[in-house]
Structures are given as structure tokens and as C-alpha cells.
Amino acid sequence: MADSKTTYDRSLEETPTWAVAVVCFGIVLVSIIIEHVLELIGEWFHKKHKKALYEALMVVKTELMLLGFISLLLTFTQDYIIQLCIPKKVGNTWHPCPRDKEIESKNNYAEKYCGKKGKVPLVSKTAIHQLHIFIFVLAVCHVLYCIFTMALGRAKMREWNNWEKETKSAEYQFTHDPDRFRYARDTTFGRRHMSIWSRSTILLWITCFFRQFVRSVPKVDYLTLRHGFIMAHLAPQSAVQFDFQKYMKRSLEEDFKVVVGISPVLWFFSLLFLMASTNGWRSYLWLPFIPLIIVLAVGTKLQMIITKMGLHVQDRGDVVQGVPTVKPADDLFWFRSPRLILYLIHFVLFQNAFQVAFFIYTTYEFGLSSCYHQKPADVAIRISMGIFVQILCSYVTLPLYALVTQMGSNMKTAIFNPTVAVALKKWHHQAKKQIKESRKGTPTSSMPSTPHYGMSPVHLLHNKNHRSSEANSPQMSPMHRNYMGAANDHWDSESPSPMHDNSSHNDPFRARLGPNEERRVSSSELIPMPNLPPVRSGNERSGGDQSTDQHEITIGSASTKHFSFGKRPSV
């Protein structure tokens, strides 16, 4: 045994240098390949303008870096951890294996340091090594599970593309004529959701529970919720140009950044799951069913939200004009938080990934005949639940979430393309900054409480559209520099406002220009605000309900020059 131990426990002093070099070369080569693959994926996301997916990739890289740090920390501190000793009575509790198998395994390692004290190590060196490998397998399975779920969910959502194209057709405009009056119950949406069973809470929950398994997102629900979203958040004339499906895809990509990460709360639950894998607890009979129960509850709730919106349409009046207009509201969601649904899906994916990772690792490390898989029911339940929850979450819950979560009171920033989103965020930041500064100033301060006209997103977007015809204009223009300088972290708060002062002596920029140049700038860059078309409030109801003023956005063609803000008066 001594010779055998000497053979396998050689230090670097007794190891050939070529062997060390070969091992290091293999590790470095694999690391470089992984890094290059991640860079290629990131470049592809940039090329396809998938900013949200690129940020999700950065989250994955951060998680991998964190796992590497955990592995390094465990390796560095394992010699100190194994010297932590506990009484044998405490060490014989909460074991995953029966006691007879534990005694057999104890005879295979020597208790030196703690054995002299009549105690046992808190964790052995072998257990630490197995633990940090399991943590790595868990994180990789979680990331792969999220990617697989997102891929299947988006594949399911591609079926809605034909429905979105149908809204642009003349036939759709004719069949959904806003001048056409119908009874709410006679509409296709009404026949699906305004039945007798919908008035009973128990029957409503039972119907919505089974409905998620058969045509969870039919065509009529998609078109009705699309119409309700546009009426609530956009101008009515945007119904034809607005692509609701692309907006949902961008919104889902933004949410993917949250789902792919592993928060401290999830790490805490992973520790609880490890503790639950104790002999006698029969965790295989209840632990794999936790994600199933949650995902079924989420799917039922999402179906309930659609049905309740249909019932609210009927409560506002028996007759509807054109398409039944559902009203998005946070009150329909649990705790008035649509974001809570995302966190529950995040938890389900992590818990399911834990079940799969735990099964894969214990099977690989200890075999199917180990104490972790004593009964065939354990293997059957873990495998079947892992597959079923994955399919249910991908093909049912995720598409439902992508559609119904848009029915909150607020729309998401994904509605804007990246250029408009950046302009709005910087404009909002400047507005908050100037309001804060104006509050600190004296009452006689002339500082405006809102951004200058030249700082508005509309002006900036017009500046972008017209700058191609202004190649001869100075590059130091504040308007040009603020919008073109993507690397700038702030707006120039001293840019002149045409509504405040048109004189050249108060404008250092115009003082440097000639008459022709000044005329060119004022005609192209300083474009006046367009006349806003009359629109109605998104909170307006057909029954004459009360509503409040609501800021709305007209979404025109792909060009940003049609971008405008509008505040529609109450009716």
C-alpha cells in the first residue's frame, strides 16, 4: 500500500516536467476554445442586433467566472476545512445513505487529525471535491435548461407570425371594422370566455387549469390581447404598422437576462434541496413535484387573467364596437406584480435543473445502484418529471407568459428599437438631473425644470435622420454631438433652446457660424415639433367609464422620423 500511495500521490518535485506541461496545455487549450466560442456567439448577437441576448451571454460568462472562483476557493481552503471536527453523534445525523453503508465506507479512509480527538471531520477532502463538481454541473444544467426552454418557447411563438401578418390584410380590417356593433357574447372571444361557467369561481379555475393543455393560446386570444395592448398604450393608427409579435420577442429576450442568472436566493434554495436529500425523507416522492405544481399554477393563473379581461369587457356593456377591447391592468396579477410570474418561472427552471443535475451527477459518480437511487420509482419519477416540466414550461407556460405579461398597466422598454431606447433613457436621465438641480436652486433661478427642446427624443431623432444631408455642418454642434456620441455618458446641458433665445450673442455655437451656416442649421437640425394627431385615451372604455390622461406613443414605420409623443385628453 505504501508503494501504491507513493505512485499516485507524487508532488511536482517528483513529476516529469513534460507531464505538467501537457496537462497545462490541455487546460489552457480548452479554456481558449470556450472563450473563442463565447466571443463568436457575442459577435453574432451584435450582428443580429440582439442586445438583450448579448447581455444574457454576459450573465452566463459572469456565472462561469463565479463558479471558477468557488472551485478555486474550495480547492484552496479544503486543507483547512477538513481540520474542522465535530462530535461523532452529530456527524451521524442527516445522512443520505443508510447507516450500514456508511460504516462500510468509513473503513476506506483514515481519520488522523480528528480521529485523535475522538471526532470526525466536518467534511472530508473527497466530499469537498465532489461538492464543487456538483455545483458546476448544477450551474451548467441550469444555463442549458434556460436556453433549451427559450429556444422551444420561441419556436412555438413563431406560429403567431402568420396571425400577425393577417392583421395587415384588408380582410382583417373589414371583418374587424370599428364601426361594426356586436353583442360581446356573440364575438369569438366572448363565446370562449363569457360562458356560464365563467361566473363560478370553482368552475373558472378548473376550466382554466385544463385549458392550458389544449390550445393554450388560440388565435382569437392573441388578436384580442394585441388589440387591447395597442388601444391602451399606442395610438389607434399604429395598429397596422405595429408588430406585436416582434415586441413580445424583444421583451422575452430582456426577461431572459433574468432567467439565465443564478441569484443568491436560488443558491439558498439549492442548499435546502441538498439538505432534503436525506435518508428516510423520501424526497423523490415530493421534491420533483414542486416545479410541476408551480408551473401548473402559473399556467392556470395566466389563463384566468385572459378570462377575467373578457368578463370585464362584458361588465362595461353588452354591445362592443369592432374588436372587444380588453383593458390591461396590474390588478389582474398576483400582488399587482406581473414581474412575479417571471420570478416563479425562474424558480421552476432552476429547481428542475437541480433535479436533472443531481440525478446526472449521482448516477455518474455513484451509479444507479447507489443509496441515492435505492428504488426504481426514484429514477422513474425524476426522469419523467424533468422531461414533462421542461415541455410544459417551454410549449405552454412560456408562450402564455410572453403574451399575457404584456397586459400589465405599463409597457416595457422593449417596445422601442435600440436607437430610440437610448435616446429616451438619456433624455429621462437629463430630466431627472435638471429637476433635482432646480429644486436646489433659488425660486428666481432661471434653470428650466425639464430638458430643453433640443434635448427631446423627437428632436434628437430628427437630427439623426437629417444629419446625412449636413456633411458640411460643424461636428462640434451640441445637437450633433449629443446624439451621435454614443460613448458620451451625459447630455450637454448648455445646448441652446430655440424656444428660449434665438439671438446669436447668447449662443456660442451660432456665434462661430456664418449667416448661411446658421440658416442651414435652423432649417434642418432645429426642426419644430410636429402637430400631434388627435387620439383618445388608452384608459377610455366603450361604456363611458372614467379615465385619466395617458401619455401615448405613435409607432409608425421602421423609420424613427415618425416617432412622436402624444397626450390624449380624457373623454
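The backbone N, Cα and C atoms fix where each Cβ goes, and this holds for glycine too.
If you look up TrEMBL, you'll see 502-522 (among others) marked as compositional bias 'Basic and acidic residues'.
Under the heading compositional bias 'Basic and acidic residues', TrEMBL lists 538-552 (among others).
If you look up TrEMBL, you'll see 432-571 marked as region 'Disordered'.
The annotation transmembrane segment is assigned in TrEMBL to 18-41 (among others).
Among the features that TrEMBL reports, transmembrane segment is placed at 53-74 (among others).
Residues or ranges marked as transmembrane segment by TrEMBL: 131-152 (among others).
The feature transmembrane segment is assigned by TrEMBL to 256-277 (among others).
Residues or ranges marked as transmembrane segment in TrEMBL: 283-302 (among others).
Per TrEMBL, the feature transmembrane segment maps to 340-361 (among others).
Summarising the annotation, TrEMBL assigns transmembrane segment to 381-404 (among others).
Take the transmembrane segment (283-302) and the stretches 53-74, 131-152, 256-277, 340-361: counting Cβ pairs under 8 Å, 340-361 has the most. Packing against the transmembrane segment (53-74) from elsewhere in the chain are residues 38, 41-42, 45-46, 128-129, 131-132, 135-136, 139, 143, 253, 256-257, 260-262: each is 6 or more residues past its ends and has a CB under 8 Å from a CB in it. Residues 145, 148-150, 152-153, 156-157, 212-213, 216-217, 221-222, 225, 248-249, 251-252, 284-285, 288-289, 291-292, 295-296, 298-299, 302-303, 305-306, 341-342, 345, 348-349, 352, 355-356, 358-359 of the same chain lie 6+ residues outside the transmembrane segment (381-404) yet bring a C-beta within less than 8 angstroms of a C-beta in it.
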